[in-house]
Amino acid sequence: MISKSSLYHVVEAMAPLYVAMGLGYASVRFRAFTSEQCAGINHFVALFAMPLLIFRMISSNDPYAMNLRFIAADTIQKAAILAALALWARLSARGSLAWVVTLFSLATLPNTIIMGVPILRGMYGSMSGTLMVQIVVLQFAFWYVLVVFLFEYMAAQRALVAKQQRAAAPAAVVLTVLDGDQQINASAVVPVTEGDRDADTNTEAAMPPPPAEAEAAMAAPSAKLILLMAAKKILKIPSIHASMLGLVWSFIAYREGIKLPTIIDDSVAIISVSATGLATFSVGTFMAQQSRFISCGYSVASLAMAMRFLVGPAVMAASSLAVGLHGDLLHVGIVQAALPLAVISFVYAKEYNVHPEIMSTGVIVGTFASFPITIIYYILLGL
């Protein structure tokens, strides 16, 4: 049974996060901060505070003492969900790559570094904090890279189709119409009249490309093009740089028994300690700037919450049991899978315009819902 004192320690760890979030929300609602000032705070967090926090956490983690079973359970969970979604997209008329990326992010990419570390430490002690750092390593070293690659694939596919449409109909203005899944509607072609062209020429120019050209227009872009575009995007993400540098340094430091010079470590620490508070504050400002908490409709919001708080933890429980986890390790795996959606997932969705309203709802509603839900999981697992 969970004692009252243990439950209090959990609330004690979670409350400061929601206080910072509430201050961020109130600062926008009561106009203490303008949209430009909020953007400045977000930019500082993304460019400096969060990357330095990630570097400090990963560089202080011993890569030679990582819990391989826990890492395997997390990897199996993500791989199983991604495979199931890919199969669904292939077999279902409603499936698409955009939905695969969205549902995968909702189910498997929790807000580990901002909320996971302090919450899990309050529940299960310092051991859980170490495990969260290990998950963060994999998230930034592989899973977010994969998500960015898929986003770049969709963006390159849309750009290539638009280019091929223009080439196929040189005398027309081709409008590429995207629906809610970023699926391409290549049928909208508006004719352009030029001077004394006769009616036959204009009619021919307005016609959609013949079937062979339309099929060519829908061809997938080359893997080399996608890799180049994704690599350029990934190299611009400070958190990716920080995670890679932190991982490389941790391998060197723990093998050679060396530490960062104090002057460097303190310089990193003085900024990184502000990351958690400022990041949760930024989540609050983001919430206040939205016109509606639920911007994607209640049925889609329910699906998003089910993926975040039911499917993700359930698959994590199954994968953890499959690799032999039990006790606190099993509990940590399940509870971390029920954390709210990572804000960075919404940032990517908004940048690439792939279901941003769903991801916005996932962040906002999920952050509020996670407080009682994680406590419920904690209590039930302790029975």
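Backbone N, Cα and C atoms are what each Cβ position is placed from, and that goes for glycine too.
What TrEMBL lists as transmembrane segment is 6-28 (among others).
Panel annotation: around the transmembrane segment (40-58), residues 33, 113, 117, 133, 136-137, 140, 238-239, 241-243, 245-247, 249-250, 268-269, 271-272, 274-276, 278-279, 281-282, 285-286, 347 of the same chain, lying at least six beyond its termini, place a Cβ under 8 Å from a Cβ of the stretch. Residues or ranges marked as transmembrane segment by TrEMBL: 40-58 (among others).
Under 8 Å from some Cβ of the transmembrane segment (70-89) lie the Cβ atoms of residues 95-97, 99-100, 103-104, 107-108, 131, 134-135, 138, 143, 311-312, 315-316, 318-320, 322-323, 325, 329, 332-333, 337, all in the same chain and six or more residues away from its ends. Here TrEMBL flags 70-89 (among others) as transmembrane segment.
Panel annotation: around the transmembrane segment (96-119), residues 10, 13-14, 16-17, 50, 53-54, 57, 77-78, 81-82, 85-86, 88-89, 129, 132-133, 135-136, 139, 143-144, 147, 150-151, 153-154, 181-183, 275-276, 279-280, 283, 304, 307-308, 311-312, 315, 335-343, 345, 349, 354-355, 358-359, 362, 367, 370, 374 of the same chain, lying at least six beyond its termini, place a Cβ under 8 Å from a Cβ of the stretch. Under the heading transmembrane segment, TrEMBL lists 96-119 (among others).
Residues or ranges marked as transmembrane segment by TrEMBL: 131-156 (among others). Tertiary proximity for the transmembrane segment (131-156) is limited to same-chain residues at least six positions away from its ends with a CB under 8 Å from its CB atoms, namely 54, 57-58, 60-61, 63, 66-67, 70-71, 74-75, 78, 97-98, 100-101, 104-105, 108-109, 112-113, 116-117, 120, 182, 221, 225-227, 229-230, 233-234, 237, 239-240, 242-244, 246-247, 329, 332, 336, 344-345, 348, 351-352, 354.
Distant neighbours of the transmembrane segment (234-255): 46-48, 50-52, 54-64, 136-137, 140-141, 144-145, 148-149, 344; these residues of the same chain sit at least 6 beyond its ends, with a Cβ under 8 Å from one of its Cβ atoms. Feature annotation from TrEMBL assigns transmembrane segment to 234-255 (among others).
According to TrEMBL, the transmembrane segment annotation covers 267-288 (among others).
Residues or ranges marked as transmembrane segment by TrEMBL: 300-323 (among others).
For 329-349 (among others), the entry in TrEMBL reads transmembrane segment. Non-local neighbours of the transmembrane segment (329-349) in the same chain are 46, 67, 69-70, 73-74, 77, 102, 105-106, 108-112, 114-116, 119-120, 123-124, 127-128, 131-132, 135, 144, 147-148, 151, 239, 279, 282-283, 286, 308-309, 312-313, 315-317, 320-321, 355-356, 358-360, 362-363, 366-367, 369-370, 373-374, 377-378, 381-382; each lies 6+ residues outside the stretch with a CB under 8 Å from one of its CB atoms.
Residues or ranges marked as transmembrane segment in TrEMBL: 361-380 (among others). Among residues of the same chain six or more beyond the transmembrane segment (361-380), those with a C-beta under 8 A of the stretch's C-beta atoms are 2, 7, 10-11, 14, 18, 21, 106, 111, 115, 119, 123, 283, 286-287, 290, 293-296, 300-301, 304-305, 308-309, 313, 331, 334-335, 338-341, 343, 345-346.
Tertiary neighbourhood of the transmembrane segment (6-28): same-chain residues 38, 114-115, 118-119, 121-123, 276-278, 280-289, 367, 371, 374-375, 378-379, 382, selected by CB-CB distance under 8 Å and a gap of 6+ residues from either end.
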